[in-house]
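Step one of this worksheet: look at the structure below.
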Amino acid sequence: MSNMMKALVKAKPEVGLWMENVPVPEVGPNDVLIRVKKSAICGTDVHIWNWDQWAQKTIPVPMVVGHEFSGEIAEIGSAVTRYHVGERVSGEGHIVCGKCRNCRAGRGHLCRNTLGVGVNRPGSFGEFVCIPESNVVPIPDDISDEIAAIFDPFGNAVHTALSFDLVGEDVLVTGAGPIGIMGALVAKRSGARKVVITDINPHRLELARKLGIDHVVDASKENLADVMKAIGMTEGFDVGLEMSGAAPAFRDMIDKMNNGGKIAILGIAPAGFEIDWNKVIFKMLNLKGIYGREMFETWYKMIAFVQGGLDLAPIITHRIGIDDFRDGFEAMRSGNSGKVVMDWM
């Protein structure tokens with residue numbers, strides 16, 4: 001195996017990514033080197049491409065980016081015991097310290113010292129990625145490489161949707177991007193009574209319909225209160241899944257929640273936007289922030305959903321070779337795509 005590999009690198013502090021030859025990551029005693037077969041583009045990667053304010057403050061240059069992937073093990077460290085070369089795997093993209101109170105209590109997703117693959121350390125937009133053995137997730141034979149490559153965002157959806165009991169509940173999802181749609185699908189399969197998803201992007205609304213969401217609302221044209229009445233809702237929503245990061249959508253969600261409603265918030269909103277906290281207080285709402293996946297309970301649950309028949313394939317709207325990565329990022333930046341999966345083989 002060559003000691004150099006092809007990778008997408010944030011090589012300059014400006015808009016874009018560049019394909020370069022970089023060293024293959026070194027494998028420590030507790031590490032696993034994975035030959036990447038499929039990579040998916042995340043919204044985080046788009047922020048890095050755009051070199052926005054968050055990226056400028058967060059991403060060291062140069063950096064191999066990317067964190068949504070699947071592949072097979074190419075090499076294992078001397079102390080690795082659970083995996084073998086050739087095994088099909090994906091990986092948890094949050095590297096935790098294992099030493100803080102939350103880690104030692106089994107709450108690794110709450111680690112204060114989390115490092116992100118492709119953000120704080122070299123990522124998976126390369127022919128190889130190296131992660132700790134503890135972050136490796138084996139992929140069952142009945143799950144394809146491309147579905148495994150989107151397990152990271154699917155895990156965000158599963159973690160968000162399953163934050164609260166859904167059986168018999170009316171659920172509002174704001175934001176019909178891929179994670180929002182997957183969250184709505186999880187809610188539907190988990191026994192929710194009514195599942196409503198809102199957005200203002202026609203392409204995303206059509207994608208939600210294609211994947212079988214029953215109540216798809218164009219918030220730029222339809223009044224959510226009228227939709228609720230039309231589908232037989234006499235009270236507000238019991239559970240809200242905020243996936244949009246859009247202040248108007250979040251405010252509308254708060255307005256439409258039932259007293260005692262519960263909201264899981266994954267969408268990253270602009271800093272400093274206003275909400276009416278009196279409504280939160282007097283409605284006695286429960287707000288919960290979500291970041292990433294529970295380690296590793298969420299992974300078990302998402303694998304079970306897929307093996308149980310949840311078809312995520314239609315959420316992948318673009319399948320391209322890695323050399324066409326610019327086309328993939330153009331599709332993502334346009335807002336007129338679902339997931340974009342890139343093939344390294």
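Just so you know, glycine gets a Cβ as well, placed from its N, Cα and C.
Since this is a predicted model, take the numbers as computed values, not measurements.
The Zn(2+) 1 binding site annotation in Swiss-Prot covers Cys42, His67, Glu68 and rests on sequence analysis. Look at His67 (Zn(2+) 1 binding site): DSSP puts it in coil.
Listed in sequence order, the residues of the same chain lying 6 or more apart from Thr44 (active site, charge relay system) and placing their CB within less than 8 Å of its CB are His67, Gly118, Val119. Under the three-state DSSP scheme, Thr44 (active site, charge relay system) falls in the helix class. Annotation source Swiss-Prot lists active site, charge relay system at Thr44 (among others).
Taken from Swiss-Prot, the feature active site, charge relay system covers His47 (among others). Around the Cβ of His47 (active site, charge relay system), 18 further Cβ atoms fall within 10 Å across all displayed protein chains.
Per Swiss-Prot, the feature Zn(2+) 2 binding site maps to Cys97, Cys100, Cys103, Cys111; the stated evidence is sequence analysis. Cβ-based neighbour count (10 Å, all protein chains) for Cys103 (Zn(2+) 2 binding site) stands at 19.
Around the Cβ of Ile268 (NAD(+) binding site), a 10 Å sphere holds 13 further Cβ atoms from the protein chains shown. In three-state terms derived from DSSP, Ile268 (NAD(+) binding site) belongs to neither a helical nor a strand segment and is classed as coil. Annotation comment: Swiss-Prot describes Ile179, Asp199, Arg204, Leu266, Gly267, Ile268, Ile290, Tyr291 as NAD(+) binding site, evidence class sequence analysis.
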Which one, from the binding-site residues Cys42, Cys100, Cys111, Leu266, Ile290, has the smallest tally of other C-beta atoms lying within 10 Å of its C-beta?
-> Cys100
Check: min Cα-Cα distance from Ile179 (NAD(+) binding site) over recorded positions His47, Glu68, Cys97, Cys103, Cys111 goes to Glu68
Return the member of Cys42, His47, Cys103 nearest to Leu266 (NAD(+) binding site) in space, with distance defined Cα to Cα and candidates limited to these recorded positions.
-> Cys42
Rounded to an integer, what is the Cα-Cα distance in Å between Glu68 (Zn(2+) 1 binding site) and His47 (active site, charge relay system)?
-> 15
For Cys103 (Zn(2+) 2 binding site), which DSSP three-state class applies?
-> helix
The number of other Cβ atoms within 10 Å of the Cβ of Glu68 (Zn(2+) 1 binding site), counted over all protein chains shown, is 30
